[in-house]
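J.: Quick one: this structure, given as structure tokens, is what I'll be asking you about.
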């Protein structure tokens with residue numbers, strides 16, 4: 001009886017499946033045989049199931065393998081090694097077997113469809129599209145092994161660079177501006193290949209993910225189809241951009257974690273280890289493509305965490321066994337990510353060994369460890385700062401500049417009527433200059449020569465700093481600074497005889513003396529110069545002086561010692577040999593250093609510095625970008641992003657999603673929340689509308705997909721940076737999956753719970769119409785995703801369905 | 001038989017006496033409770049009102065809030081990022097105690113010299129003092145443990161930071177009062193739950209509603225306590241819903257009662273506070289410039305007040321254009337040229353925030369000069385028309401071309417160009433009315449306008465960035481190719497055109513609701529504009545709980561330094577961690593299925609639910625600051641601190657109880673009292689040590705070894 005019912009169900013799904021598959025073939029596949037394949041396998045599956053349900057519990061694995069095709073064997077091998085232990089799982093294996101055959105054909109079809117859409121005329125447009133400007137540039141720098149600084153982690157760029165390297169890209173192309181065309185030597189196909197393949201792989205991955213959530217293969221295929229037919233996903237996968245990789249790793253990681261879940265009751269088996277570590281690895285990769293991947297990691301962790309919590313309630317296990325399991329998971333989930341993260345950065349730093357344009361972001365030590373650049377200047381400098389050392393002092397963190405002075409004085413009065421000391425200006429100057437040189441002097445000695453043995457300066461010593469070109473000493477006093485009145489002014493002391501004595505003693509605080517020792521070292525020692533009279537530290541204030549200070553940056557002293565802006569280090573250094581002031585000046589002007597010994601930093605030092613800069617560096621913010629958008633606008637797709645426009649015609653690439661998918665996704669999000677609340681309230685009143693099985697599936701979907709959406713969406717409300725529509729894509733993916741799950745749930749409700757024929761029919765009709773609408777809209781807007789077809793102004797205006805969409809039109 | 005009766009009687013007697021005993025004990029307990037509560041009240045009053053009038057000069061932010069109080073008394077309009085209730089209360093207290101609103105509150109350190117400031121101080125201190133008894137009652141309602149209540153209250157009582165913060169004319173004592181009031185209402189209401197719909201139930205519900213409305217009307221931080229109360233209410237309703245012995249309509253009634261008292265009533269109160277604010281401040285003041293022309297026309301003394309001018313803008317009219325951005329200026333030009341190297345050397349165009357004859361422009365058609373004067377035909381400017389704007393004084397047209405703007409390098413430069421009104425094709429602008437229909441006429445004040453450069457296709461924008469001295473530090477005007485720039489909106493403010501009849505400005509009078517919403521838009525913009533400048537050291541949230549650095553209230557010879565009592569603050573941190581550990585341990589145990597005896601279980605449940613809510617309160621008042629980009633200050637932590645202190649009291653008491661349960665009875669009793677004694681004396685002694693921070697220090701600073709406070713400088717970053 002029961003088996004009959006099940007057969008019926010399968011037949012009905014088969015019918016709908018044929019319909020659905022045919023509908024699809026009209027648009028994407030010309031290959032009819034493929035569709036028929038599905039049908040055939042379906043029938044096979046049904047037959048198989050029928051025979052199986054007769055024999056019921058003791059099914060033979062051999063039979064399964066007979067029925068399956070070659071591709072599904074490895075999948076089933078997994079099943080074979082773990083014969084079902086209880087009746088319950090047995091039934092599910094039966095169903096899963098049925099699924100397995102479907103799954104591969106369907107997944108392969110989805111993948112092929114994805115490939116076909118993503119790779120179609122991949123090399124067009126043959127010009128720089130949007131952020132290819134950045135990512136392409138980074139890839140070319142990888143080719144040239146030149147160091148660059150980016151606040152995103154490097155894995156995505158490395159993948160693309162690896163493929164580009166194999167394709168023989170030499171990195172010589174200059175990525176100068178969006179829209180300029182690629183030269184013939186650029187293997188554009190190879191550069192765009194990785195994102196496109198990843199973008200296609202996303203679709204079968206979501207398909208499997210949905211199956212793993214306990215949904216039917218048709219729902220899973222629906223989810224895949226919706227992602228396939230989204231224009232934003234398409235456009236984002238076709239160019240050298242990071243999102244498709246990020247999404248693939250995140251979704252695959254989640255899939256692994258869900259597969260891992262299946263072995264909840266079989267800890268420590270091979271699959272258990274495999275899926276757990278694969279999941280951890282893949283999620284870490286997502287993190288290493290963009291830091292947004294962190295939210296995916298959180299989602300994965302929350303799924304594992306929930307399982308752990310359930311595990312606790314299992315009274316059959318002893319405390320020790322549970323502790324052991326928890327610790328193993330914790331170990332795997334920390335060790336693997338750490339290892340991968342470090343490896344990726346190790347490769348990054350090992351490959352990029354040459355000095356390049358972004359050096360100045362890093363500290364002197366880091367720069368000196370790169371080939372060329374600073375290293376060629378500082379090599380062979382004396383190590384220890386001593387009395388008589390000539391040095392340049394660099395502001396270590398944040399903006400690159402050197403302590404500077406010149407023969408100009410502070411204006412007597414500022415515009416706000418405050419007075420100044422009228423002494424020689426001291427600034428922080430962002431360019432190399434002869435006026436950046438200072439001579440270190442002990443207060444009690446009067447000569448300025450380094451004598452043997454070298455009188456090295458140690459932590460805590462009090463020194464004076466004499467400006468090389470003007471021979472005046474660095475001084476500070478209780479006069480409000482020019483731009484930061486709450487701080488003291490710093491000047492080079494001129495004695496006007498106005499009862500304002502020199503206060504030019506500074507105490508050297510070596511901050512990292514634990515690592516580099518008590519003696520002040522070139523480059524490595526980070527020092528804080530504390531003014532002896534006022535106990536305030538020399539600080540770069542971040543403000544720019546007006547014209548009278550040549551727009552250089554202000555230097556002050558500050559009461560608060562412990563801050564990044566009070567940290568300085570010696571960059572260039574040599575010993576003074578000559579006592580005569582004129583000779584010294586000549587020496588300063590003509591000096592050139594001979595490289596002798598390279599500075600080298602360990603991986604750890606470089607890694608930690610790079611991390612610090614990546615996470616805390618003030619990112620330059622593109623304020624008021626024309627196509628930036630707000631998180632609230634995303635669900636309704638109020639704005640797109642113009643990626644590229646052809647210089648000759650109105651052909652253009654514009655990031656814009658499939659409006660039908662986006663809007664219905666948002667609606668389904670709301671609908672799901674309403675239903676969830678409704679069911680919860682009903683259950684609280686002990687009215688159980690759903691069967692436990694349906695309810696469980698409904699909740700699991702919410703736990704993974706709704707949570708996934710929230711994890712990837714809500715944090716953006718607290719982000720200060722300029723945001724773009726493509727930041728929404730991870731959240732969008734989860735939204736689409738939730739929508740597919742909701743469709744199945746509604747179908748189920750109409751079918752089983754309400755058993756309301758008319759409703760079901762209407763629902764099916766609506767769903768069909770909706771799918772057709774998705775396809776139609778996809779096709780209409782695909783011109784904007786591909787950018788290959790020249791459009792007339794009228795065409796563009798016809799596509800402008802919303803006033804807030806700003807397409808680009810050339811004027812006649 | 002007799003025996004039986006006797007026995008019965010005896011048992012009855014015994015029972016009676018037992019009941020009597022319990023009653024007696026109850027009464028005893030109650031007197032005891034009142035004694036302790038009274039002591040707390042007395043100590044609070046003494047500690048808070050001690051030296052309340054000192055120092056007799058303006059301290060820290062008193063300069064702002066005192067000033068705003070004066071403005072309320074003088075009824076002059078001003079702008080502030082906080083909602084009005086706190087300042088109105090300060091003003092009211094000042095008004096009632098005879099402060100006349102004359103004192104300038106110019107900067108911290110100004111002597112009061114005969115000004116009646118004590119009333120306002122006493123009022124704020126009074127509200128601040130209420131926090132301690134509130135905490136006592138809250139903890140009592142949550143745990144019914146006298147020890148826990150006393151501990152919690154004493155931690156709050158002995159915290160020097162709270163004492164300092166609540167002794168001055170600031171918003172914080174008022175905010176803290178309402179936050180604690182909301183929590184008090186919440187727990188009181190919760191304990192009435194077995195008497196649903198009784199008078200006290202309604203009373204506490206309404207009380208809670210009033211308190212949350214007031215909290216959020218003092219500072220927007222009050223939103224966190226609203227969320228706390230909201231969550232608590234939702235949990236409460238969930239319990240009601242789960243009671244299957246009651247019909248669903250019962251739940252509905254509960255829901256409606258709460259919706260009315262906790263949503264509608266507070267919303268109404270909030271609007272009423274703003275209504276009072278807008279009605280009281282009816283004179284022009286220094287806040288006018290932040291608001292739109294229509295808003296300003298409501299303020300007595302503003303040049304737009306009772307003004308009258310033509311309703312529509314016609315060709316030939318002399319107009320001024322005001323940028324729609326908050327605090328936006330008037331489009332302005334003057335006889336000076338852009339300096340060498342800044343775009344083309346043509347006449348400067350800027351925005352200027354003051355009224356000036358150089359703000360006047362004539363609207364002309366793009367292709368023709370004006371008709372003769374005697375021609376009566378008046379042509380109105382319509383949406384989409386092509387126009388020129390001619391500067392009245394210099395007779396040059398507003399012009400733009402493909403040169404970089406001086407500051408916003410991606411925009412085009414805007415200049416004044418031409419001789420006697422004749423320029424070139426780059427002077428043509430297209431007028432667009434935002435959300436306007438085709439052929440709609442441009443009206444004074446109410447039309448929001450965009451001016452689109454006809455040839456370059458960019459929009460006239462005021463970036464709000466200040467130009468250097470050569471432009472007299474007026475604000476930059478540029479032409480932006482991003483048509484959606486929010487700074488590209490303008491409205492006509494003055495409109496001089498004799499041929500059209502003048503209409504009174506009253507027609508533009510915005511309704512209360514419009515003014516209400518505009519105030520909010522301006523406040524939010526102001527709030528988000530409070531960004532730290534580059535290089536500025538701001539207080540970071542991680543520094544707060546560890547009491548890393550305080551805040552100077554008063555600098556000179558008589559120094560006040562806002563800093564928490566480190567013993568209490570660090571203790572709070574430790575017990576927060578202990579709570580989390582115990583809580584996690586217990587949840588795991590429960591999940592593992594280990595059961596406690598029912599008596600223990602009940603007390604545990606009570607303690608944990610109390611601590612859970614307090615912890616949520618702490619987290620809600622602390623964690624969001626991590627995500628805030630605006631300038632943060634140390635005193636933002638104090639609401640969270642209150643929750644943390646109460647939690648410490650409860651968890652400490654719980655731990656003492658649990659430990660003494662493990663020990664033999666006699667030892668337990670001794671130990672218990674001994675511990676309590678140590679805790680109280682440590683708290684009080686630390687208060688004694690650090691109280692000079694609040695009551696004022698003189699002499700050398702603590703970094704000097706001669707200072708009395710030298711030994712107390714436990715962390716180098718304390719600067720007292």
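In case you wondered, yes, glycine gets a Cβ from its N, Cα and C as well.
Note that the structure is a prediction, hence the values are computed from the model and not measured.
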J.: Quick one: which of A:326-349, A:350-373, A:374-397 does TrEMBL have down as transmembrane segment?
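T.: Result: A:326-349 is the stretch TrEMBL calls transmembrane segment.
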J.: For the transmembrane segment entry in TrEMBL, name the matching range from A:633-651, A:728-746.
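T.: When A:633-651, A:728-746 are checked in TrEMBL, transmembrane segment belongs to A:728-746.
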J.: In TrEMBL, one of A:185-203, A:204-222, A:413-431, A:432-450 is tagged transmembrane segment. Which stretch would that be?
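T.: Result: A:185-203 is the stretch TrEMBL calls transmembrane segment.
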J.: With the ranges A:602-624, A:694-716 to choose from, which does TrEMBL describe as transmembrane segment?
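T.: That would be A:694-716, per the transmembrane segment entry in TrEMBL.
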J.: Excluding the flanking five residues on each side, which residues at least 6 beyond the ends of the transmembrane segment (A:185-203) place their CB within less than 8 Å of a CB in that stretch?
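T.: 110-111, 113-115, 117-119, 122-123, 126, 136, 139, 159-160, 163-164, 166-170, 172-173, 224, 227-228, 233-234, 236-242, 244-245, 247-248, 251-252, 733.
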J.: May I have the DSSP-based helix, strand and coil counts for the residues of the domain 'MIR' (A:454-511)?
T.: 0 helix, 26 strand, 32 coil
J.: With the transmembrane segment (A:728-746) as the reference, which stretch in A:240-260, A:272-305, A:694-716, A:758-778 has the largest tally of C-beta pairs below 8 Å?
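T.: The stretch with the most contacts is A:694-716.
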J.: Short question: which residues 6 or more past the ends of the transmembrane segment (A:326-349) have a Cβ under 8 Å from it?
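T.: For the transmembrane segment (A:326-349), the far contacts come to 153-155, 158, 267-268, 273, 276-277, 280-281, 283-285, 287-288, 297, 301, 304, 308, 311, 603, 606-607, 610-611.
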J.: To what whole number does the mean pLDDT across the domain 'MIR' (A:382-443) round?
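T.: Averaged over the domain 'MIR' (A:382-443), per-residue pLDDT gives 84.
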